[in-house]
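Structure first, commentary second.
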Amino acid sequence: MTALNTDLVYLTAGLALLLAATVPGLFQDRAVSAPLIVLAVGAGAGLFLGKSGTDTLSPALHPAVTEHLSETCVIVALMGVGLAIDRPLGWRTWNSTWRLLLIAMPFGIAAVAVLGWWVAALTPAVAILLGAVLAPTDPVLASDVQVEGPTSGGESHREDDEVRFALTSEAGLNDALAFPFVYLALFMIGKGPIEQWIVQWVAWELIGKVVIGAALGWIAGDLFGRAVFRFPIAHMRLAERSEPIFALAATFAVYGLTELAGGYGFLAVFACAVAIRRTERAHEYHAEMHSLIEQLEHVLTLAVLLLLGVALTSGLLAELTWGGVLVAAALVFVIRPVVAWLSLLGCEEMSGPERRVTAFFGVRGIGSIFYLAYAAAEAGVENEKWLWSTVAFTVVLSVLVHGVSATRVMRLLDLRREGGAVADR
């Protein structure tokens, strides 16, 4: 394995911090998104330095490093997403979310797998891995399609917006719920005939780990919330002392505990954040915690995107084929929009235009990079270089298409909604 160039790592970290401090504000409410600019900067750096100077930063050459960097980015983002949602958890109140998770996600995975098997001659196991890796959505990379953040009044002016809520809550949960399908592919690769492991997969990977993650996350979040907001000794309540670092402590503690217990840590972190919000929904401390998490999330996300940009022009796309391009384009323009739109049919909380917008904005990002790095580190995956090229191209295509269109589309949707409200008066 190629040695990691630590000097380039420090340079990348410094650039990521600088970009995190300047780019989001410069391009807020613009057609060009901050992630797209960072990818372009990274790609330019890769061209300037040349392959010999940047190939050691390729995520494909360092799957373990890529896994842990993107893993940290994802869990921090999940805490931020959970804290941002004002709406109480419920079967009816989260109706659109459950539809996207239980219908759109598995059918989307199946469609991508079939397409990969057909156009790229992938084995069934690798095809399922491709579908699972590309399943997580990531609204962090298109901030206009996520809720704004926690509000002390209990309701954001955007919280009535079912589109933003559905996309934010979907991303909070499908980052974890794609894991069983990754394990399905890994079991197919390394555990022999299906009858030898299917019961274990269903009982443990599909059900057991989900239950452990959800339960531990919820219980921990409830206990943390009570300690922070309702501790008997008033001056010991972190909420009254404005110590937002607690959010980061809770993120790492819950994730580590759940992983040690064998559950899905991603799910636990999101459940923990939602449970903390539930304990004292309207407190200003939520906004303070969310602000800290959001800043760290920006730094980590832009660092990953900067590295991805460098790798794009340093050989990461060398194995990209027309089949990979077709998979990426089909996912962004056909598969996600169609399966998500079908899953939302009959969802009374959304109008027709809202269903179409929600279906279209299935942003692919850091979660996909994590899952592929995880699979590559866990097992010898056939067609690994092709997978890296295809997944990287899909992320770039999604950042380009969704990042450029998000501001305009959401603005038009808001205007349409306001026009309808005026007409109803």
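Easy rule for this one: first residue shown is 1, then count along the chain.
Any Cβ shown, glycine's included, is placed from N, Cα and C.
Caution: TrEMBL annotation is automatic and unverified by curators.
Features as listed in TrEMBL:
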DOMAIN    32-410  domain 'Cation/H+ exchanger transmembrane'
TRANSMEM  6-27  transmembrane segment
TRANSMEM  32-49  transmembrane segment
TRANSMEM  69-86  transmembrane segment
TRANSMEM  98-120  transmembrane segment
TRANSMEM  176-194  transmembrane segment
TRANSMEM  206-225  transmembrane segment
TRANSMEM  245-276  transmembrane segment
TRANSMEM  296-318  transmembrane segment
TRANSMEM  324-345  transmembrane segment
TRANSMEM  357-374  transmembrane segment
TRANSMEM  386-407  transmembrane segment
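The stretch from 32-49, 176-194, 206-225, 324-345, 357-374 that makes the most Cβ contacts under 8 Å with the transmembrane segment (296-318) is 32-49.
Sequence-distant residue pairs (6 or more apart) of the transmembrane segment (245-276) and the transmembrane segment (98-120) include fewer than 3 whose Cβ atoms are under 8 Å, leaving the two stretches without contact. Long-range neighbours of the transmembrane segment (206-225) within the same chain, counting only residues 6 or more positions beyond its ends whose Cβ lies under 8 Å from a Cβ of the stretch, are 176-177, 179-180, 246, 250, 253-254, 257-258, 261-280.
Two recorded stretches are said to be in contact when at least 3 C-beta pairs lie under 8 angstroms, sequence spacing 6 or more; the transmembrane segment (176-194) and the transmembrane segment (98-120) meet this definition. When the stretches 69-86, 324-345, 357-374 are ranked by Cβ pairs under 8 Å to the transmembrane segment (98-120), first place goes to 324-345. Same-chain residues lying 6 or more positions outside the transmembrane segment (69-86) and placing a CB less than 8 Å from one of its CB atoms are 138-140, 146-151, 154-156, 159, 165, 168-169, 171-172, 175-176, 247-248, 250-252, 255, 265-266, 269-274, 276-277, 281, 286, 289-290, 293-294, 296-297, 300-301, 303-304, 307, 366-367, 369-370, 373-374.
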